[in-house]
There are 2 protein chains.
Amino acid sequence: MDLKVDIARCSAELDRLAQFSDVPAPAVQRIVFTETDLAARAYLVGLFEEAGLKVRHDTVGNIFARWEGTDPTLPPVATGSHTDAIPYSGKYDGTVGVLGGLEAIRTLQRAMRAAGFTPAVPRRSIELVMFTSEEPTRFAYGCLGSRLLSGQLPPDAAAKLTDADGQNLDNVRQSAGFTGPLADVKLQPGHYSAFAELHIEQGPLLERANLDIGAVTAIAAPAALRVRYTGPGGHAGGVMMADRRDPLLAASRLALEVDAAARESGSPDTVGTVGVLDVHPRAVNSIPRDVLLEIDVRDIDGPRRDRVLERIKQKAKQFGDELGVPTTIEMINADPPATSDPAIVAAIEQSCVDAKLTHQRMVSRAYHDSLFMSLVCPIAMIFIPCRDGMSHRPEEYSSPAAIRAGIEVLARTLYQLAQ
Amino acid sequence: MDLKVDIARCSAELDRLAQFSDVPAPAVQRIVFTETDLAARAYLVGLFEEAGLKVRHDTVGNIFARWEGTDPTLPPVATGSHTDAIPYSGKYDGTVGVLGGLEAIRTLQRAMRAAGFTPAVPRRSIELVMFTSEEPTRFAYGCLGSRLLSGQLPPDAAAKLTDADGQNLDNVRQSAGFTGPLADVKLQPGHYSAFAELHIEQGPLLERANLDIGAVTAIAAPAALRVRYTGPGGHAGGVMMADRRDPLLAASRLALEVDAAARESGSPDTVGTVGVLDVHPRAVNSIPRDVLLEIDVRDIDGPRRDRVLERIKQKAKQFGDELGVPTTIEMINADPPATSDPAIVAAIEQSCVDAKLTHQRMVSRAYHDSLFMSLVCPIAMIFIPCRDGMSHRPEEYSSPAAIRAGIEVLARTLYQLAQ
C-alpha cells in the first residue's frame, strides 16, 4: 500500500500540545492531573474522536482510543506513549508516540480506503494508548499507568503514593475525574497481541550514524532511590569547624560517588545521576540541617546495575556514619530490563525496507511504558533520531522528516501485526 | 544604684515578638519588609512609645527610640540590635539586644527615679536602635541597615539590590512606608559617643566555662560569595557518562573544598559553609543543568580569611574548567574585622563586678551591626550564654536568668557611658 503521512497536520498538533505547559516556551512542563494536563487530555480526546476512534479511559487515567477491526474478538494490536512532561523539558518526549500513533492510524485509514478495502479496517483492532503518569515527577514512580496495567504495582500500593504536597494518588485521580476501583486497571496477559511504541531516541546514535530508524531490541533496567542526611544545623559563623556535622558534605561525597560508580561499572551502558539535591533550611548563614538526594541508576544488564546500586547504598551509609549524620536510604524502584519480541522487531525492519528507510538495531537507555507492557504482551519500540540526542531539556528536537519516517514505519508495522 | 530588671516582662515580650513569624513555632522566620516584619515593628514601636522614648525612623527603616538626657546636645550613647529572622531560626538572635536594650532603659528609668535623681535621666541621651535588614536573607548583604548608617555601602548601590523575586530595595522599602532619599541614612562619624550591643553568644564557650557574661573584644571578618555552574543538562537515562558535563559534580567538589579550606587555614578561628546549593531543573531523571552555591567564610584575622577566599575562588574555577562547565563567581561581601573600644570593654567588666557576675573576654565569630557601627563610633558587645551554643535553628535558647544578667550589665554600662 502507498502510505501518505500528513506530517504537516501532526507537526501542528505537536506544537499545539506543547502550548499546554506550566513553564514558558520553548520549555514544557505538564505534570499529571494538573489543570494543564487535564486540558491537554481534553484536546487529545477531541482529536481521537475526530478520527472516529472509540475512546474510553480507565480508573487511573490511561486513555484508550480504538480503531475497531473486522474481527474485534481478537486481541488488538496496541501502540502509544505518554504526554505528561517533566519540568523544563521539550515537546517531543512521549508526544511523538501519541500524536504519531494517531497519525499512523489516520494514515492507514486513508490508505485502506484509497486501496478499496471494504470495510476499510484491518482484521485486528488497533488501539492507541495514552499512558497516565509516565514521568516520576509527581508520584515518584515512572510509568505509573503501565505499572498498574501490567500488575507490576499493586493497586493498594499505588493508592497510597503521595505527591510533594502530601496528597495521595487515590484522591488526586478521583478529583481529576478518574473514579472507580484501581484494581480495574490491570489487564490480563494477552489482552493485546502486540504493543509497539514510537519514541524519540533521547540519545545521539541514530543522528551520528545518519540513520532514519532504530529497531529497539531491549530496554535498560531503571532504578531510583532517595537518600536523606540529617544534622544539627546551626550558625555558619558561630559553630567551629571541629564541632560540625554538616549533611551537605556527606551528600556531596555521595553525588561524586554515584558518578564514579556508574563510570567504573565495567561498561559504558551504566548511567548514574543525582537529579535532586535539596538543602534545608537553605540560608547562606545557616549550616545545612537536612539534605535529600534523589538518585537515578540504569543499565542494560540487571545484575550489573544492581551491583552499582549496592555500591551506592553502602557508600551512602558510610558517608553518613563517617560524618556522624543519620542516613535514611529508601529504594523507589528497581525494575528488570525488557527484551523486544523478535517477530515485532522483524516487522519493524521489514517496514523500513518497504518504506526505503535506513535502520539499525539498538537498545533503549531510557525506560518507557513498553518496559511494563512487556509483562502483558510482546513488545518492541521504534526510535527516530533527535538533535544531538538531547532530551529532558527545551532544546529537544526531532525534524518533521524524522517524525514522518517514524510514523510511516509505525503504520506499516501495525498493519502487519494487525493481520 | 540598685538595678531591678523586670525579666518577666522582657521574657513575655520576647515570646510575643516570636509569634510574628512566617513558619510554625518553635521556629521563627521574619524577613525584612514582609507583612510579618511590619507587624512586629508596629508592636515594638508601641513598646518604645509606652516607655516614653521619642521614636523616629530613617528612610531605609532603621528605628531609633531616644531617652533624652539632661544635655541633649552631646552625642548620645546607643545600644540595639535587629529583629529580622532567617528561615527556621530561633527567638533570641538580635531580639535580646532590642527588647533587652528596651528593658535596660526602663530599668535605668526606674532606678534613677527611685534614687531621687531630678530629672531622672542621665547626662547624655541613650538611644535604642532597631537596625533594619541585619540578616542577608532578602537582599544578599547582612547588616544592610548599619552598612548604610556607616556609609560602608553607598546609597545608590543599596537602592539597586534585588530580592529573589527581582524587586529592588528602593521599591520595597518605599512600599513598606520608608520614603525619602536613601542618602539621608548615613550618620556622621561621632554621631554617637559609644555603641554597645547585647547579644546571645551563638557559640558554646560561655556555657562551657559556666560564665555569665562575655566582654567582646573583636568581631570576626565576614565574607560571602556566589558560584554558579552551568551545563547542558539532559536525560538521566539517555546521556552516556563519557558525554556528560554535570555541574552538580563541580558543585559537590566545591562544597567539600570550602570545608577543607576552612579546616586547613592554620587556625580554628576560620569557618566556611555552603548554606545554599540550588539544583535546576530539580527532577530525578534530569541531569542538573544549573547549580548555584552561596558560600560563607569568616575569620578573626582578615588576611587569613582572604587567603581562604582566594583558595576557594581558585578551586571553584578549576573545578568548573576540569568539568567543562562555565563558572561564574560573584563576591557578595568581604568586610574587615572590627575591634572593640577598650574603654567600653572596661565599662562592661566594671559593670560585671558591680553586678557580681562572672565574665571573660572573648571574640564574636558571628558578625553584627556593631561591626559597621565601629565606623561611626567606639563599640563593644556584651554576650550572654545560649544553650549548647545553638543559633540559627529553632532550638536556640537563653534562659531568663542569662538574659536578666545581660540586661543588668548593659544597663550599668550604658549608665557609665552616659555620664
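Count begins at 1; order follows the chain as displayed.
Including glycine, each Cβ sits where the backbone N, Cα and C put it.
Annotations in TrEMBL come from automatic prediction, not curation.
TrEMBL annotates B:Asp93, B:Glu135 as Zn(2+) 2-binding residues; of B:His359, B:His392, the candidate listed for that same site is B:His392. Among the candidates B:His82, B:His191, the residue that TrEMBL annotates alongside B:Asp93, B:His199 as binding Zn(2+) 1 is B:His82.
Excluding B:His82, B:Asp93, B:His199 themselves, the residues of that chain whose CB lies within 8 A of the CB mean position for the Zn(2+) 1 site are, in sequence, B:Ser81, B:Tyr92, B:Gly94, B:Thr95, B:Val96, B:Gly97, B:Glu134, B:Ile200, B:His368.
Neighbour density at the Cβ, taken as the number of other Cβ atoms within 10 Å, is lowest among the binding-site residues B:Asp93, B:Glu135 for B:Glu135. Within its own chain, B:His82 (Zn(2+) 1 binding site) has B:Gly94, B:Gly97, B:Val98, B:Met130, B:Phe131, B:Thr132, B:Ser133, B:Glu134, B:Glu135, B:Gly145, B:Asp369 as residues 6 or more apart in sequence whose C-beta sits under 8 angstroms from its own.
Non-local neighbourhood of B:His392 (Zn(2+) 2 binding site): B:Ile86, B:Ser89, B:Gly90, B:Asp93, B:Gln202, each in the same chain, at least six residues away, with C-beta under 8 Å from its C-beta. Here the binding-site residues are B:His82, B:His199, B:His392, and the ones sitting under 8 angstroms from chain A, going by CB atoms, are B:His392. For B:His199 (Zn(2+) 1 binding site), the same-chain residues that are 6 or more apart in sequence and have a Cβ closer than 8 Å to its Cβ are B:Ser81, B:Asp93, B:Gly94, B:Val96, B:Gly97, B:Ser364, B:His368, B:Met381, B:Ile382, B:Phe383, B:Ile384.
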